[in-house]
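One structure is given below, encoded as structure tokens.
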Amino acid sequence: MEKGHSDLPRQPERVAQNPFLTFDQDSFPSSYGSSLNVSEQTSGSSSTSPLPQISCLLRKDDVPLANKELSRSLIHVQELSRYPPFYNQDHQHLGVPRSRVGSDVWKMREKSFLSPSQFSSIDLSWVYRSKEEDDDFHDPKSSVVSLMGEEDYLGWSRFCDLFFLFVLSLGIGLLFIVFPALTFTGNITPSKEKFDAIMANQITDHLFAHMRVPRTNLIDKDTPSTAYHRTGYNGRKYNLVFSDEFNKEGRSFYSGNDQFWEAVNIHYAATNDLDWYDPDAITTVNGTLAIQLDAFWNRDLNFRSGMLQSWNKLCLKGGIIEVSASLAGSGEHAGLWPGIWTLGNLARPGYMATTDGVWPYAYSQCDVGITPNQSSYDGISYLPGQKLPNCVCLNEDHPSPGVGRGAPEIDILEGSTEKLHPDDELDIGVVSQSGQFAPFDFFWLPNYDYLAVYNDSITHMNSYVGGPFQQALSGITTLNNTWYGGNAFQIYGFDYKPGEGTNGYVSWFVGPNYTWSMLGSAVGQNGNVGPRQISEEPMSIIFNLGISNNWAYYYFRDLSFPAVMYIDYIRIYQDPDDTNSHIGCDPPGYPTTKYIEEHPLAYKNPNATTWEMAGYTWPKNSLMHKCNT
């Protein structure tokens, strides 16, 4: 044997032992045996070493073990003896070190211990038929043990568990199967044949995203029949062609959620707004459309508000547009900028690449008026020129070659305040009702012979007539300070007829009274610039509530937030005998939707500020590039 091997423990030899065990009746209960003391014999040594005392909990009726089985169990006991003996002299064998004896956590009854030598013969069913004081698992009456027992135990606890699983499964099925099936609206791009005659003839081919219960008529079912007709500025009878009463509670105007309206998610950088327009700021409540301006930090801006547009969904050309509104805040303090206005559909509000070269052009001539800065060095115009004049070169990018196109603006109102007298402590509310035009008259001065103010005690012409980006004709009308904050509503709107010269006009009104009017001749031919038009373009509709120092300096301490502008309804009327009137974004001779679809990089990117930045080239024209048209 090599050196060092003698120190290793020797493998014991297996010996046959008496299979019959003796019981000490004085030490243990009558139903269990006593401690077992067995000697181990090893080859090469006559000495004996006692094995540790191990309690053998045997019942008297156990079948004696065969010698082979007993020898195997004794070998196992011998192997266990190499570790420190864990026992208690009080015969409560715990199987734990003595340092833990006496702990409440580790106390167990003596019948819970099994010697390894009895695993092959003891009936283990007593484990779950005996009650354990601190463990429900060993309580036969517990619902936990009933799963292992021979007889089922179905009590109220188990019944409640099963009932809960049933309800949970039913709820999941209703949520993910039944509810989607009930709310599915069917074909989201139905053919026009499925709509009524008005919808089939006048709605565009715009494809809408998923929406809940789309309308199949342009007239809201909640509009009273008494509002189906109205007398126009020209004395003719007009018919209702579109209405939205905003009576359905909790409408959402996120992209794709509504047929006619969409709330934008942009910063309106064109006017240096101090707020971010968020769709979450707009909803319907108590039968009104509510646009809420909040004063909190949002996307690196101090305010959050909303802008609702009908761009490329709902447009009008000619007729009367009427809105019932209660303006935000109070007429006593300046600072807020409520707006209800219309814009040519070729420009998407807030997307500056789309307004580049089209706002606020209402022009169909081929002269100096279409050139950058109107070819003038006096700073009268900073506009880049008309992008879509009537004289673009052959095969250039144009929605309707031969027709001058643009995006003029007509405002139903822009809210502000002013003092009736210089020494007044508080302001009073006013609205500006205006039209924006390009190219410009000399020093932006219109021909006042073609303007009319109907009551100069409450309405006067605005001294602001324009700047390098627009020519503005505006009338200022005094309001009642109760028409704010949802306390009372008032009607605002305009009646207009597209055209040049005396063929076109715009008349604004507040309540039942017209405030002021202009004929197209007010912006007729003037020097090097030809006649501008009362808009021939399909006009989209915009509601917004903003705050900007471009409009009015605000004193934060005088304003109250949140400020809410409420819209009760919007209604559009048109003369049934006027063939030039149209509801929709593609009137004859003035299409827009196809052109918009062909230029997605501009119309879907609010961060592009010029047409070239969006990746498109400026169309050439015969005046500047000497080409064929």
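Each position is counted from 1, following the chain as shown.
Note that Cβ sites are derived from N, Cα and C of the backbone, with glycine treated the same way.
Per Swiss-Prot, compositional bias 'Basic and acidic residues' is recorded for 1-13.
Residues or ranges marked as region 'Disordered' by Swiss-Prot: 1-52.
What Swiss-Prot records for 1-161 is topological domain 'Cytoplasmic', and it gives similarity to another entry as the kind of evidence.
The compositional bias 'Polar residues' annotation in Swiss-Prot covers 24-38.
The annotation compositional bias 'Low complexity' is assigned in Swiss-Prot to 39-52.
Marked as transmembrane segment by Swiss-Prot on the basis of sequence analysis: 162-182.
According to Swiss-Prot, the feature topological domain 'Lumenal' maps to 183-629, an assignment based on similarity to another entry.
In the predicted model, residues of the domain 'GH16' (231-578) average a pLDDT of 95. What Swiss-Prot records for 231-578 is domain 'GH16', and it gives sequence analysis as the kind of evidence.
Here Swiss-Prot flags N286 (among others) as N-linked glycosylation site. N286 (N-linked glycosylation site): 11 other CB atoms within 10 A of its CB, across all protein chains.
Applying an 8 A CB threshold to same-chain residues 6+ apart, the list for N373 (N-linked glycosylation site) reads I380, S381, Y382, L383, G385. N373 (N-linked glycosylation site) carries a helical DSSP state (H, G or I). What Swiss-Prot lists as N-linked glycosylation site is N373 (among others).
DSSP classifies N455 (N-linked glycosylation site) as coil under the three-state reduction. There are 13 other Cβ atoms within 10 Å of the Cβ belonging to N455 (N-linked glycosylation site). Positions annotated as N-linked glycosylation site by Swiss-Prot: N455 (among others).
The N-linked glycosylation site annotation in Swiss-Prot covers N480 (among others), and the record cites sequence analysis as its basis. Within 10 Å of the C-beta of N480 (N-linked glycosylation site) there are 14 other C-beta atoms, taking all protein chains into account.
Here N513 (N-linked glycosylation site) comes close to Y454, N455: these same-chain residues lie at least six apart in sequence, with C-beta atoms under 8 angstroms from its C-beta. Here Swiss-Prot flags N513 (among others) as N-linked glycosylation site.
If you look up Swiss-Prot, you'll see N607 (among others) marked as N-linked glycosylation site. Sequence-distant contacts of N607 (N-linked glycosylation site), defined by Cβ-Cβ distance under 8 angstroms and a gap of at least six in the same chain, do not exist. Following the DSSP three-state reduction, the secondary structure of N607 (N-linked glycosylation site) is coil.
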Problem - Cα separation, N286 (N-linked glycosylation site) to N480 (N-linked glycosylation site) (Å, whole number) - result: 23
